[in-house]
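Remarks on the structure that follows.
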Amino acid sequence: MASLEEVQEALREEQAARQELEEALHKAAKYGQELLTQVQEQERTIQEYKDKEVDVTPQSQASPMMGRRSSRVGGRRSVTVANYPGENKRKGVGFALPGNTGDSDDEDGRLRPSLQRRPRGASSGKTVMVEDLMQHNQSLEDELTQLRQQLQEGESEDDDEEDEEEEDQWQGAPRPSRKSKKASENVMEEEERGRELQELKGRVEELQREQKELQAAHLQRIKELEADLETKKHETEELKLAEQAARTSAASSENRNKVLLEKFEMVQEEHDKTEKQLQLAKAKERDLEFQLEEQALRGKARSGRKWMPTACEEALRSAAGTSLADEFEGMGMLEEGSEDGDGGEEVSQAEAQESPESQESQASALRRELEEAQAAAARQAKDLEAAAAAAGLPDASDGLDAPGGTEAEANKEVSQALQLELAAAKAEAAKEREASQQALAAAKAADEEAAELRKKLEALQAEASKEVSQALQLELEAAKAEAAKEREASQQALAAAKAADAEAAELRKKLEVSQALQLELDAAKAEAAKEREASQQALAAGKAADAAAADLRKQLEAIQADAGSGAAAQAEAQKEVQALHSKLQASEASQAEALTRLSELGQKLEAAAEVSPELAQAKAQLQAALAENSQLKEEIKTQATADGESAPETESFWNKVMGAIACARTPPKGAAGTRVTFENREPVRLAIPNE
């Protein structure tokens with residue numbers, strides 16, 4: 001955020017500098033227009049002077065001596081010189097400066113546009129620079145007034161000297177000439193101007209050095225930004241690789257979790273299968289026990305039917321029927337439940353885990369019922385014997401003694417047979433009892449063994465399930481922890497990627513803003529270049545005006561050398577020369593103002609150059625985020641070459657400006673090819689010979 005605020009502040013400063021630069025360019029354009037108008041006025045004045053020269057030349061050739069005498073007299077009597085800017089006039093010999101006589105008010109307004117001070121209300125929209133220019137113009141006017149006064153004094157002295165020289169010439173006695181004070185003042189002014197020119201050249205060189213230093217710093221900053229871009233690219237690549245590694249590790253952990261879950265499901269299925277097999281074994285065990293008990297009861301029933309009568313058999317059946325029916329009903333319900341539950345799948349957990357003690361209690365109950373049935377059968381047998389005795393049936397011994405022994409013997413045989421059958425039935429019942437007891441003991445042993453096996457199996461299953469569940473739980477927790485770590489790493493990588501994207505978007509916005517500002521700056525530079533061209537044209541026009549002034553000086557010297565020129569033409573030509581001289585001074589002042597304005601423009605360009613590194617930084621960062629390194633290097637190279645080419649253009653511009661100033665300050669050459677300076681330039685002397 002700090003960098004964004006700095007960039008915004010830099011943009012605001014650049015906008016303010018751009019506005020100031022635009023204002024300065026507008027002012028420079030206005031100044032160029034003023035220079036053009038001044039040049040046009042100078043050209044018009046020069047043309048008017050040429051026309052007047054053409055008109056004056058025939059008169060001067062017609063009567064040179066008479067015209068000179070009359071013009072001198074007329075000039076001495078009619079020409080008045082007024083102190084600028086007042087209205088006080090005095091009689092004297094000399095020539096009037098433009099703007100001093102009452103007849104040349106229009107010419108003063110036309111020839112001196114830069115010396116007129118504008119009203120205060122018209123400059124309400126101007127800046128401080130315009131007020132400074134007005135003050136400078138006022139100071140120049142004051143200095144010009146002083147110079148005119150000194151010039152008038154020097155002219156009066158020169159007139160006196162000319163009169164004396166002419167008198168000496170007429171009398172034949174030569175007199176030594178005296179130097180003018182104006183020459184020394186002009187030499188001092190020329191020296192001051194030379195010093196100012198040297199200072200301006202040093203300032204220009206200093207500005208050029210600062211510009212080169214700024215360009216070098218700009219290139220160094222670009223290189224640093226390029227290195228930062230490379231490091232950021234490496235960091236983003238590392239983040240991408242870390243993100244990919246985190247994603248692959250997360251996928252592998254998810255695959256491991258899936259495999260562990262599948263293994264856990266397989267173990268659960270095996271555990272369910274073992275439980276079902278155990279329940280089926282328990283159901284088969286119960287079926288075997290019931291079958292053994294049923295066989296024992298059936299054997300007992302068969303043994304009872306052999307010797308018991310029908311009533312005894314019915315009583316035995318009625319006595320044993322309840323328990324057998326109940327057992328058969330329970331066994332049938334169990335079988336139905338096992339069939340409906342697909343092999344005992346829906347048997348309750350309490351019946352599946354029935355203890356051997358309950359089975360022993362059931363066996364003992366069956367044993368008691370069997371004993372009770374045997375006791376009831378014995379009681380019925382005794383009752384039958386008693387009933388037979390009461391009916392008068394004889395014993396076997398009684399049948400031998402009594403008559404009718406055949407029937408007795410038969411009954412005895414029947415009773416013996418019954419006794420034998422009863423003994424055989426008892427023996428068979430005892431055998432069956434023993435077999436049933438053995439079967440019960442074997443079943444009990446099998447139950448105990450099955451219970452032990454069940455306990456061992458349950459213990460093994462519990463231990464195995466516990467170990468498996470613990471192992472699975474540990475693996476699951478480890479996988480969850482690893483997945484959480486990888487998820488955090490991936491989230492961090494995603495956050496870093498999002499931050500990088502946000503930074504790239506921000507840099508993209510900065511680059512767009514910097515590009516827009518760069519375009520505006522280029523447009524401002526183009527306008528400044530146009531204004532520079534206009535100022536160069538104005539300087540060229542000033543040079544042309546200087547050349548025209550030099551020509552006028554030459555023509556004036558030729559006119560002065562001509563003995564037949566008239567005094568009025570000389571006075572008018574001197575007026576024109578002084579007007580041109582004032583215009584040259586005004587043009588020099590305007591050129592100085594233009595130089596100051598150009599220096600201000602250079603300072604503003606330096607301020608814009610100070611803002612440009614921040615813009616270039618944002619531009620380089622965004623270009624680095626969007627383009628490849630090679631493209632960025634090419635753009636940097638092209639930008640460096642463009643900056644390298646722009647420096648010579650600026651240097652050539654300043655060189656042109658300094659050359660134009662030097663040409664404007666250089667005095668023209670004389671008629672014989674020698675350079676005319678203020679030191680060797682003789683003042684214009686107007687004198688009338690003594691009649």
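Using the three backbone atoms N, Cα and C, a Cβ is placed for every residue, glycine included.
Note that TrEMBL annotation is computational and uncurated.
The region 'Disordered' annotation in TrEMBL falls on one of the ranges 524-543, 584-603, 624-643, 644-663, namely 524-543.
Check TrEMBL against the ranges 307-334, 475-502, 615-642 and you find coiled coil recorded for 615-642. Note on the coiled coil (615-642): mean pLDDT across this stretch is 62. Mapped onto DSSP helix, strand and coil, the compositional bias 'Basic and acidic residues' (524-534) counts 11 helix, 0 strand, 0 coil.
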